[in-house]
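Novice: One structure, pasted below without further comment.
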Amino acid sequence: MNSPNESDGMPGREPSLEILPRTPLHSIPVAVEVKPVLPGAMPSSMGGGGGGSPSPVELRGALAGPMDPALREQQLQQELLVLKQQQQLQKQLLFAEFQKQHDHLTRQHEVQLQKHLKQQQEMLAAKRQQELEQQRQREQQRQEELEKQRLEQQLLILRNKEKSKESAIASTEVKLRLQEFLLSKSKEPTPGSLNHSLPQHPKCWGAHHASLDQSSPPQSGPPGTPPSYKLPLLGPYDSRDDFPLRKTASEPNLKVRSRLKQKVAERRSSPLLRRKDGTVISTFKKRAVEITGTGPGVSSVCNSAPGSGPSSPNSSHSAIAENGFTGSVPNIPTEMLPQHRALPLDSSPNQFSLYTSPSLPNISLGLQATVTVTNSHLTASPKLSTQQEAERQALQSLRQGGTLTGKFMSTSSIPGCLLGVTLEGDTSPHGHASLLQHVLLLEQARQQSTLIAVPLHGQSPLVTGERVATSMRTVGKLPRHRPLSRTQSSPLPQSPQALQQLVMQQQHQQFLEKQKQQQMQLGKILTKTGELPRQPTTHPEETEEELTEQQEALLGEGALTMPREGSTESESTQEDLEEEEDEEEEDEDCIQVKDEEGESGPDEGPDLEESSAGYKKLFTDAQQLQPLQVYQAPLSLATVPHQALGRTQSSPAAPGSMKSPPDQPTKHLFTTGVVYDTFMLKHQCMCGNTHVHPEHAGRIQSIWSRLQETGLLSKCERIRGRKATLDEIQTVHSEYHTLLYGTSPLNRQKLDSKKLLGPISQKMYAMLPCGGIGVDSDTVWNEMHSSSAVRMAVGCLVELAFKVAAGELKNGFAIIRPPGHHAEESTAMGFCFFNSVAITAKLLQQKLNVGKVLIVDWDIHHGNGTQQAFYDDPSVLYISLHRYDNGNFFPGSGAPEEVGGGPGMGYNVNVAWTGGVDPPIGDVEYLTAFRTVVMPIAHEFSPDVVLVSAGFDAVEGHLSPLGGYSVTARCFGHLTRQLMTLAGGRVVLALEGGHDLTAICDASEACVSALLSVELQPLDEAVLQQKPSINAVATLEKVIEIQSKHWSCVQRFATGLGCSLQEAQAGETEEAETVSAMALLSVGAEQAQAVATQEHSPRPAEEPMEQEPTL
């Protein structure tokens, strides 16, 4: 019995728990064993061995006496309770451990799963990349195979081609002819060898062909060089340039062409410098230099720099001056004079080193379109003794080759650039032009024979025209040369008079260039008042501060002008303009000139190429804006021919340096004008998220699309917008504010530096939560585009309002953004930077002398900026209908008591709705306000122009922070119709607020329909029968009470504010009938009183009677 007692004295209870299951519950030892476990069995002070001594006594006492069954039952219950608690605790520990292990395993499984998925994705990506690479390789192989097959097919076609077709591979016939050509070069003809027939001469092979690409072997010199200018054998080919001997006419190797032209351009130098071989310029050449000028700019009408290469076409003059060749007069047959034949072969090889390949266009050599003649009509003339015989032979050859439509003229005073006569009977559009040029030069040389006594060298640039008279030559030996195309040159003048004429032309051309610069500056001012209907463009317009953007606009956007659909005016479309430009490019921009008999032919254009080159350059910009119209220009022999082109001046920005018909301003149809420009779309937050910003570019895009879809836009006149100038903006805003928001980093440097000192150079913007910048949390700013966009919005409205006020348009609707009626003199707020409506009203008064302007602002927010601009101005009446709520709605201004100040007292009317949106203000309230306040005051004011700040955020669909009212879009159409009864219908609406796209599109459609006098949908019957809300009636009563002191017309509407529209209309009708009846009664009473007065008046004693007229 001691062991159980000792166990009871131990602090742990595990032994007793283990014994319980083995011992029957009804046995006495169980009671003995469990008793110490009970909470109240032993005092807590007992412990250790000291507490064990009295236990046997108690146990023996318990065993001695009978145990109470109730107490034993209670003990058992307590034991069971403790047992359950122990088991529950063990379960909790076990569950906690299980949950811990489960979470650990779950995390391990997730990590393993993620790792596995990552590996799978990497494998898939690698596999996809491999597949793409294989696909790319297969595609590349397929392309290579196709290219190889194409080349093989081309080679096969070339091998099997007919001999008459072109080929880049030299055929046997070409090689044989080249060999014959080289052999003929080794045998120089003697001066007396005049018996060469034309078909046998190596230079006459071109006569068998009719195009540039079919011209045969090259000559030793440039095409058409006379025999006296023949080069030493292989002279050019032994030079340092190492030019290839020949290329076939159809050679497609563009790289070789570019390399050859590059070498030629590198070797070209000023025509006035000494030759590299040290050859002294002849006396005649020095005289030519004195006549033509001292600079390279005189060498070409196009003012091309010498040696500018293939990208800068030079005239024939510059070609000869640079190269020493006479390429402009290729068909003058001359003999080799003794002094020229004595030239050593090695004396000046570099003088003729400019190789001219028949396959290259060689812009600086020869006429634009001289073609060869069929080799059947020109025969050799073995004997030629006098100059007259040479001229006779020339005329005979012309008669054989073709008939002249005009008589042969003496051309001593005609510059070569004006020669052009139509040849009949020639299949080529430029046939026999070279022969005609030759005959005219013969006649000219005969009259200028005093200049031929000077010893001449082969490289003299002016030798050709004067040597003709003294050389013994034959027309039958005229050398043939290949025709040149895509050239910008003209024949070289062959007389001092012609050279002086050329100098005059170039001086006049420089004068025209200066005039062009002046016209561009003048065009900036004229464009502001010019009228050119167009489709909206995406480019900045002309402003004083952005000259670079102006030029880009002229080149990039001016061509986007579109005629208004349904317009009765005849305006060329963009397709027509492109067709005209294509035709001009095909004709080489030649001017068509009528001859004396009134007949024009295709040969006249090339002869005027030099004079037209300057015009083409002059009208490059304007050509994209306006259609070209060619006028007849007389062939004037005494004046400079600079009066050939005239343009339809549909825009004042076109260059006006030439005499042309007077400008006719574009006449707009008397209808509704609409202005819109896509440049305003660039004003957006830099974050690019339009969902965060209610005022975004989609607003005006949606309205423009809606007007297009409904067909309303086609009935309107589309007006071309522009940017407002800084001076125009400063009519309302301060200079600091204007420079702050009206300039961008691009044009800010052009302004006066003194204006940028101070806060502007250190301007700071607020960082928005979206990542962009802005003036406040709503008014975003884009440093690069916002300044131009806000100025474009102002300028568009100004242009439209000016046209309406001037009577050119009936009315107008401006689809512009950002809005402006919150912008004050020096403050930007509420999405607004510049107050477009206020600026427009100021400019109307200042520039068009408009007397009185009415501004109606039905945006749900008060136009605090507009009110501030005209608060003391009696010439501008400002009426605003807005949500006020006792100053608790943005911007908090616009109380009914704000009626103006100073001389403008009473010219500020605020219909300030109060009471919140319970119930919301709707159609009935707005129509009642117009009936009782707006229209009576407006009629009494009698404005000259009505401007409307057309904000549509009161339309149903806008939430309470940005609106909350329930006005329908149809209602705004009826309000617009009422305003059209003012100012003779001169009403201009400018978009302000409104951010629900559907709502603003519906409202804009309704307003444009009203402006176009399209029948509007009638108001619902419920609206006509509904009475205004109590809050609205209270607001209107307060407004009438305040404004009746300044406008007596509103006093009579104070009693009928609570009536419905039907009741009000019935009352007005009855009142009108009563007034009419009273007026009739008063008129009748006056008439009766007048009759009675007349009856009672005494009759004169002697009233003369009418006498009969004497017969």
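The backbone N, Cα and C atoms fix where each Cβ goes, glycine too.
So Swiss-Prot lists these for the protein:
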ACT_SITE  HIS822  active site
COMPBIAS  238-249  compositional bias 'Basic and acidic residues'
COMPBIAS  263-272  compositional bias 'Basic and acidic residues'
COMPBIAS  485-495  compositional bias 'Low complexity'
COMPBIAS  572-610  compositional bias 'Acidic residues'
CROSSLNK  LYS35  SUMO2 cross-link
MOD_RES   THR283  phosphothreonine
MOD_RES   LYS524  N6-acetyllysine
REGION    40-63  region 'Disordered'
REGION    107-136  region 'Disordered'
REGION    187-272  region 'Disordered'
REGION    474-495  region 'Disordered'
REGION    527-611  region 'Disordered'
REGION    645-666  region 'Disordered'
REGION    671-1017  region 'Histone deacetylase'
REGION    1086-1111  region 'Disordered'
MOTIF     1070-1109  motif 'Nuclear export signal'
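So where do these features actually land, and what's packed around them?
Specialist: Look at HIS822 (active site): DSSP puts it in coil. HIS822 (active site): 27 other CB atoms within 10 A of its CB, across all protein chains.
Assigned with DSSP, the residues of the region 'Disordered' (107-136) fall into helix, strand and coil as follows: 30 helix, 0 strand, 0 coil.
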Novice: Per-residue pLDDT averaged over the motif 'Nuclear export signal' (1070-1109) comes to what?
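Specialist: Averaging the confidence scores along the motif 'Nuclear export signal' (1070-1109) gives 59.
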